[in-house]
Amino acid sequence: MATRGLPLPAPRHSAPVTKTQSQPSRPTSNALTLQSSIPPYGKRKGWIPRLTEDFGEGGAFPEIHVAQYPLEMGRKSSANSKTVPITLDNQGRIKYETLLAPGSSREIQARHEDLAAKKIGDEEMRRPDQDEINQTTLETKQALEKIVNGRIAGQAAGAGGKTGEAKFIQYTPIQNQATKGVHNSGAEKRIIRLTEAAVDPLEPSKHLLNKKVPKGPPSPPVPVMHSPPRKVTAKDQQDWKIPPMISNWKNNKGYTVSLDKRLVADGRGLQDYTPSDGFAKLSESLYEAERTAREEVMRRAEIDRRLKLHEKDRKEQEFREMAQEARIDRIANQADEDSGLSREDIDARQERETMRRDRTRERERDLRMGRNRSAASRNADRDVGEKMALGLSVPTASSEAKFDQRLFNQSQGMDSGFGADEEYNIYSKQLFGGSSANVLYRPKPKGDEEYGGEEDLKKLQDTSKFRPDKGFAGSERDPSKPNESRNTPVQFEKSASAAHDPFSTELDAFLTEAKRDKTKGGDRAGSGGAMHANAGNSNSRSLSEGGGSKRNRIDFDDESSSRKKR
């Protein structure tokens, strides 16, 4: 620096000028002109370059110790402009994130694409193969070695992986009775080697050279796009009322929770249930199956009906053939039987057959109706001659006026107590006891031609009894005295010819079987005594017994007596 002010010798050679060199342009001449104003080397004491032209085509002056910025290189702009330049992207759209944080390294999401989730394809999600793994491992290893080598190279000389000399120390523990022979198999002395540990080059500094400055704010989060504000309705307010959590298993406080609150807390009302299409398919399948089953059942029923109809026709045809054969056999047998009989015998046999059928029908009717029939029902189908008592005189009809003797000097009735106290009967007489049904029918005068006139009526009145014109064969009555009155019922005796009757055996068997079935059916219901009430006609009883009360009598008998009567 002492020789800085000494003059330098002039240059011996000048810059050579070639013929091919182009003529200097106007800026070059200006540069030469400006360069001529710069003091030459060695005469620049007190001169300071301040303008851009002072540096010429570039280059600084090292002998001048001031801040120099040739061609404005390295100079910080002192202009404080508040206008932010507009930056465009590759599609010509304005990048607004540069306006929000100019000069900052923070990431700002200002586009709509930043709000949408990134679509990661299968190629990006593909796992790397073994070659890529090996290449990445090698690059990572080289990067770590570069960092470690840089740390080691920056350390002071003698530092790094070198360690100091080792020191050996003899250690003699305290010998006592408790610890003797416990450690190192009873050794009394130990040699310890001390060495400094190697320093990890990647270990951070243990000394705080400066204070830690808190980090700046991170990048702002992704903005949330909100819809424009609108008025809150009552439904929205009701939807925002979140019910408290109610457990279905625990109730530590023992509160009584109503069922509606428990169902609301369950959250089942918030779910939208969409019926599955399977229900419609199932209903349609069931409908089709039912229709098919009905058709099959109807078809099967039609087939069964036709089979039954054919079977019925076949049986009817068989019955017709059997009836035809029986009819032919009967006609043949009847022809054989009638061949040796006279016309009178044939008529008599037909009459007996008719009477036998009528008697059989009457017996069947009596069996169906039972034995406890009322007196009115028993007397309803009786003949007038059966109602009249046999063997008694008939009072002669008088032409005198008749009066009801009950209207004169009666000593009974409601005034006299209605009836005796010992009689258990609420009626004093029969309802139809004095009706015209118990006397002979008197025809009207206009029906003389159809029903008979006065002569027939007089003839009937003069006749003492209704008696047949012919007596029955085999009776004890004298045929010579047909008008003789009898005191006992008609009795018949079985003749010897009845033994040859082909229907007698079958009739007796039929009656015996009917009695047996009746005894098995209803008479075994009560094994003990049973009470039977029999209300008969008082007129016949009074006539046969010679007087007495005209009221109905109630008979009580047990099961054994009823069986004996049968």
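Just so it is clear, glycine is given a Cβ too, placed from its N, Cα and C backbone atoms.
If you check TrEMBL, you get these features:
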- 1-46: region 'Disordered' (REGION)
- 17-38: compositional bias 'Polar residues' (COMPBIAS)
- 168-330: domain 'SKI-interacting protein SKIP SNW' (DOMAIN)
- 209-237: region 'Disordered' (REGION)
- 329-386: region 'Disordered' (REGION)
- 340-369: compositional bias 'Basic and acidic residues' (COMPBIAS)
- 435-566: region 'Disordered' (REGION)
- 445-484: compositional bias 'Basic and acidic residues' (COMPBIAS)
- 513-523: compositional bias 'Basic and acidic residues' (COMPBIAS)
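Assigned with DSSP, the residues of the compositional bias 'Basic and acidic residues' (340-369) fall into helix, strand and coil as follows: 27 helix, 0 strand, 3 coil. For the region 'Disordered' (209-237), the DSSP-based tally of helix, strand and coil residues reads 4 helix, 0 strand, 25 coil. The average pLDDT for the domain 'SKI-interacting protein SKIP SNW' (168-330) in the predicted structure is 85.
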